[in-house]
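To start, the structure itself, in structure tokens.
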Amino acid sequence: MQQLAVSASGLVKRFGDRRAVDGVGIAVPKGLIYGVLGPNGAGKTTTLRMLLGIIEPDEGERTLLGSRFPRDRSDQVGYLPEERGLYPNMKCREAIAFMGALRGLPWATGRKRAGELLESAGLGHAADDKIRKLSKGMAQLVQLLGSVVHEPELLVLDEPFSGLDPVNQERLELLIRGQRDRGATILFSTHVMAHAERLCERISVIAGGKVRFEGTVDEARALLPLRARYTPHHDADAIGAMLPDDAVREGGSWRFTMPDGGIEALLVRLIDAGHGISGLSIERPGLHDAFVRIVGAEALADQPETIA
Amino acid sequence: MMPRFLRQALTIARRDLTATVMTPTFLLFLLSPLLMIGFGIIGGLSGQAAGAAGEARQVLVAIVPVDQHEDLRAADRELRSVFSRDSARPRLQLEAPQGDAARQARALFDSDAIEAAAVLYGPLDHPMVLRRAGAEAEGRYLAALATQTLRAAHAPDVRSTARFEIIAVQAPTVSGRGQAAYFSTFAIFLVTLMLSGQAVGAMAEERSNKVIEILAAAVPLESVFFGKLLGAFGSALLFVAFWGTLIANLPKLLPAGMGSGLSDLSVAVGPIFPLLLIGYFVMAYLLQSAVFLGIGALASTQREIQMLSLPITIFQFAMFGMASYAAGNPESWVAMAAEIMPFSSPMAMAARAANAPELWPHALAFAWQALWVAITLTIAARLFRRGVLKSGSPKRGKKAVA
């Protein structure tokens, strides 16, 4: 059996009458980048907080780095909360060292590593600036560095990309890969599919407090059939009748779902009819579409209060 | 139609008023004067008691032959009728001369059994009056008593001429102890009153800048709370060290004589007293701050925190009221209660250190108070976890078995 960094089953958390998390299970293999995807209010943050032992689940079991008491392993964990927070009057270097010290890293080591980390993140010039002087994105990077300064075995990031510009998002992706290469397991939540698609080796999709999908990104994309985009050489209305039922005309092109038997027979017919082929692409739907399909169809239907 | 400006202002005022009134904190705020009246009575009584504690123990002594005792007593009754309170002058104690009356009189000032404010001896028409520094009126009263006795017994024109001498007293006195006890209580109260309220806002700061999530994820809440407590204590300690140094050096700066009143304050436990006093200040601070920290952590807005400051001050006054009553009445059940009750215990025990020489109760008290600091913090952390993080506490025992 593959070693798991984090596992949980049947996690339930009620806030008043609402079941924010309703029987979530998760299994994160060691050394992987694992994404928890879900729409806003799906229960991602609550799930992460339960996994980390910040809050206790009402029901269910969880194991974190081999311990059933997540707090016992907190020194091996790094965490970037969804709501970013740093002491505004602290200097960057100190703030990072402080976060390391909270996880048992000696202050002196923390300060030294903070300098190196800031340097490599392109923030070396700000090491002795106070947090309040930084832009929001920079402060967020500082906090992220603070969550890895003690070189944790497990790094949990809650919506790490939100609020970052594309350059900093790129830096963050590099940093996450760097941590994985160091041997850490990374568990992060997001509702931005592009990052998940690029980074994650496995994903869970949570919606309405329940797990809707678990697997690799490719498996998720495979939930939807391939899509074809065909541009005839000589366009004509008659083409519509030859294509599958869901064909849609977009400008001079047609978009339709790949037929079950493959596209070859269709192409032969189109060429025989004299329409010709001036363009053809067959593509896997993105994670975005898969996500909308997984979440949209099921969760939004039986979770009317999340829309309201 | 109401002018637009007024309507807008009233809308805002209404929201603010609702936000203030519709909280449980407001109830506490509203009712706190009731508590204050209640405890104010106790405090007033105990203040009087502490003052009276010194006076009540004092006596006036007349060393005169036994056959004059009845005359003196009659004159004393008559003279006392002019005072509104019977205790305006210390009560009169009559003794028969035994051998050297002068030595007998002086010995009275060294006695531990009574505390003589002034002593009269010798013939009534030329008596000698010994008195303590500060007991001027008491000395004159004895002289007047002698005159009155002579007039009553002999003739209206007889006059007694007394000589006075001031006696310097070295030994600790019972009333000096009472004052030291009250002083200790008051000092601890004042310092904690000024400082421990700061802890109220400590967690609110964490919550407003969102650092609490980082702290809560990294370390147990109990540690967070205790860390906050210690952090606040650190600043309090700085405050105390600064002012303590100033005050300790004050007698050196004052003109000679002005500081002599301070040396009248004497304590039962001896030289270890300053250490005990510091120790009890630490415990008083930690105990009260722990409560405030816990309460403050539950408050979700600055408004609520502001409203909490009054009940907090009143709570402190209440504890002080009990402890100061204990200082004035060391043997009473209130004193016992104040010593046992965790939040007044440091102040009451500091008073006890001034009043009673045994040391073992202090060891016990420190352990007891430390235990309560721990209990308070644990409760505070649990409440925070439940109320703010919306989580139960880790059910370690149950799970370990399962």
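Just so you know, glycine gets a Cβ as well, placed from its N, Cα and C.
Sequence annotations record features per position, and here TrEMBL assigns transmembrane segment to B:21-42 (among others).
For B:139-381, the entry in TrEMBL reads domain 'ABC-2 type transporter transmembrane'.
Residues or ranges marked as transmembrane segment by TrEMBL: B:180-204 (among others). Proximity of distant same-chain residues to the transmembrane segment (B:180-204), defined by a Cβ-Cβ separation under 8 Å and at least 6 residues beyond the stretch ends, is recorded for 50, 53, 212, 225, 228-229, 231-232, 235-236, 239-240, 265-267, 277, 280-281, 284-285, 288-290, 292-293, 295-297, 299, 302, 305, 308-309, 312-313, 316-317, 319-320, 323-324, 326-328, 330, 346-348, 350-355, 384.
Long-range neighbours of the transmembrane segment (B:225-248) within the same chain, counting only residues 6 or more positions beyond its ends whose Cβ lies under 8 Å from a Cβ of the stretch, are 191, 194-196, 198-199, 202-203, 206, 219, 281-282, 285-286, 289-290, 293-294, 297, 373, 377, 380-381, 384. Annotation source TrEMBL lists transmembrane segment at B:225-248 (among others).
The transmembrane segment feature in TrEMBL is assigned to B:268-295 (among others). With a cut-off of 8 Å between Cβ atoms, the residues of this chain six or more beyond the transmembrane segment (B:268-295) that come close are 172, 177, 184, 187-189, 191-192, 195-200, 202-203, 225, 228-229, 232-233, 236, 240, 308, 312, 315-316, 319, 342-343, 345-347, 349-350, 353-357, 359, 362, 365-366, 369-370, 372-373, 376-377, 379-381, 383-384.
What TrEMBL lists as transmembrane segment is B:307-327 (among others).
For the transmembrane segment (B:366-384), same-chain residues at least 6 beyond its ends with a Cβ under 8 Å from one of its own Cβ atoms are 203, 220-222, 224-226, 229, 279, 283, 286-287, 290-291, 293-295, 297-298, 340, 342-343, 345-346, 393. Annotation comment: TrEMBL describes B:366-384 (among others) as transmembrane segment.
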